[in-house]
Amino acid sequence: MKSVTAKEMYNIDRKAMEDYHLSGVLLMENAGRAITEKVLKHLSKDSIVVVLVGAGNNGGDGFVIARTLANLGFQVNLIQIAFDQQIKGDAAEHKAIYLKFGYQMTQINQTDIYQDIIQSADVIIDAMLGIGFQGELKEPYRSIVKLINSLNKTVIAVDLPSGVPAETVDGPTLAVQADITYCIEAPKPSAFIERYANFYGEWETVEIGLPKSLLEACKTDVWTLDKVKQTLPKRDKHSHKGSHGRGLVIGGHKEMPGAVRLTATAALRSGVGLLTVGSTSDVLPIVASAVTEATYMDLTDPKLDFESRIQPFDAIAIGMGMGRSDLSRQWLDAVIESDKPIIIDADGLYFLKSHLAKLAERKAPTILTPHPGEMAMLIDQTIQYVKNNPFEVAKDFAKNYQVYLVLKGAYTIVTCPNGEQTINTTGNPGLAKGGSGDCLAGIILAQIMQKGSLKSSLANACYIHGLAADLAIEDHHSTTDLLATDLINFLPDAFRKCLN
Ligand SMILES: NC(=O)C1=CN([C@@H]2O[C@H](COP(=O)(O)OP(=O)(O)OC[C@H]3O[C@@H](n4cnc5c(N)ncnc54)[C@H](OP(=O)(O)O)[C@@H]3O)[C@@H](O)[C@H]2O)[C@@H](O)CC1
Ligand SMILES: [K+]
């Protein structure tokens, strides 16, 4: 599945019309009918349906939905939130068909009755504003949105909840609070941005007959189980431990020995061939007592030649619980100078700010795994700015510094140095705890050393991390009690689901 911006959607629409001779009226009919099909699940034969229709093509979809439902015998009230002269093009054609069928509508200037009609609804269909919405919501939409949100009705949004932009806009958000949104062909980026996502309620896509090749050409993938099944490498019968990568985890200090332990265990559970943990002499025994399958490297040993000791490894993850000592800064410097694929997390990101310019020159891939706070620190912005503009922030950063960026959040976004992005949809609020990120670093370390593209390895790692948490809360845990250790215990179930 793709996530498609408004600009991309308008382009697809235009090409569908120009190159494939699919008319706008036909696409609107398809959209309206596809959504009606879904709406039927929410109706009983006595339901009173109110369809709110705006001035643009989102409103055009509303005319088709109202006509189709009325034609099936449902009691439908259509309110046109626009003056007649504002309804143009394809929407006007469908309005004419609606009226030709003999169905009634209420006009926007009939203020005294339309509020009562909205209040009488069992189900409200919001076909007021879609991807053409820009800026701040204007009247009369503002008052209508407030009225809808004050009522306890089933609200179904067409393409987007009105008031939610396809992508971020500045200013406060006033939008329809939908129970479910039926997204035309693809969810728009705002479905994955914290400040807008809740307005969608649940969301599902509907197919309206646009050529698949046009959608597939869009750059942002919503990573689904199908994608994971297609791309997650299966182990070859003749493989040996050397075929699955030799990983090094560097981190931990005496006040935080658990982080590397989580990373190491997660890496081992995620398919790494051989794993070494490098840490301080006081941390190593604590980790070693819990992680039997790893080997260890004392990074505080004065005789250690760090540069030569990291040479045999295929990839390195650094930063988890590492602390901010001079020693850890030196480890990070050496790791950045190396020609190894590296994952920089947590305290490693703290030191990274002064090294950013070096990243673009690295010969091997660099993967950064910031949460929004760390991202904000790296770009001198507020956390809110990062959360409001995650796609743009991640893309600019990944392209500028030629890194793979895993921007963590409720929907973790993986961005490649060429700007391609994937959105993760697994995971739950149980992950909002110390230790979750350490596990993710371990899964990533293991996955990037397997076959397949780096983009799919990273997207799969995020998917499996979230899936383990989702499976953990199915029967055993809740989002309140879930610990990172529990997540690791559910990695076997997650892998089995993805590999079978
Ligand atoms: N292939 C596809 O994708 C297909 C897409 N289809 C559908 O078309 C939809 C896109 O239609 P669209 O381009 O006409 O825009 P739409 O969302 O109806 O909004 C335009 C209206 O909003 C108004 N308006 C804007 N900002 C506002 C504000 N702040 N406050 C208040 N009003 C504001 C603006 O008014 P204006 O600024 O012009 O005065 C104008 O009247 C899409 O989401 C999907 O549902 C399907 O039919 C078939 C194929
Ligand atoms: K809408």
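Note: Cβ is positioned from N, Cα and C throughout, glycine not excepted.
Nobody curates TrEMBL annotations by hand; they come from automatic prediction.
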Item to check | According to TrEMBL, which candidate in SER23, SER143, SER150, SER162 joins ASN58, ASP126 at the K(+) site | outcome: SER162
Checklist entry - Can you tell which of GLY430, GLY434, GLY435, GLY437 TrEMBL lists as binding AMP with LYS408, GLY409, ALA410, TYR411, THR412? => result GLY437
Next on the checklist: Centre the Cβ atoms of LYS408, GLY409, ALA410, TYR411, THR412, GLY437, go out 8 Å, and tell me which other residues of that chain have a Cβ in range of the AMP site.
Outcome noted: HIS371, LEU407, ILE413, ASN424, GLY427, LEU431, CYS462
Next on the checklist: Running a distance check here. Ligand 1 versus the binding-site residues GLY60, GLY409, THR412, GLY437: which have CB less than 6 Å from one of its atoms?
Outcome noted: GLY60
Checklist outcome for this item: Other than ASN58, ASP126, SER162, the chain contributes near K(+) (Cβ within 8 Å of their centroid) the residues LEU52, GLY54, GLY59, GLY62, ALA127, MET128, LEU129, GLY130, ALA157, VAL158, ASP159, LEU160, PRO161, VAL176
Item to check | ILE131 ((6S)-NADPHX binding site) CB neighbourhood, other CB atoms within 10 A | outcome: 24
Item to check | Of ASN58, GLY60, ASP126, SER162, GLY321, THR412, binding-site residues neighbouring ligand 2, Cβ under 6 A | outcome: ASN58, ASP126, SER162
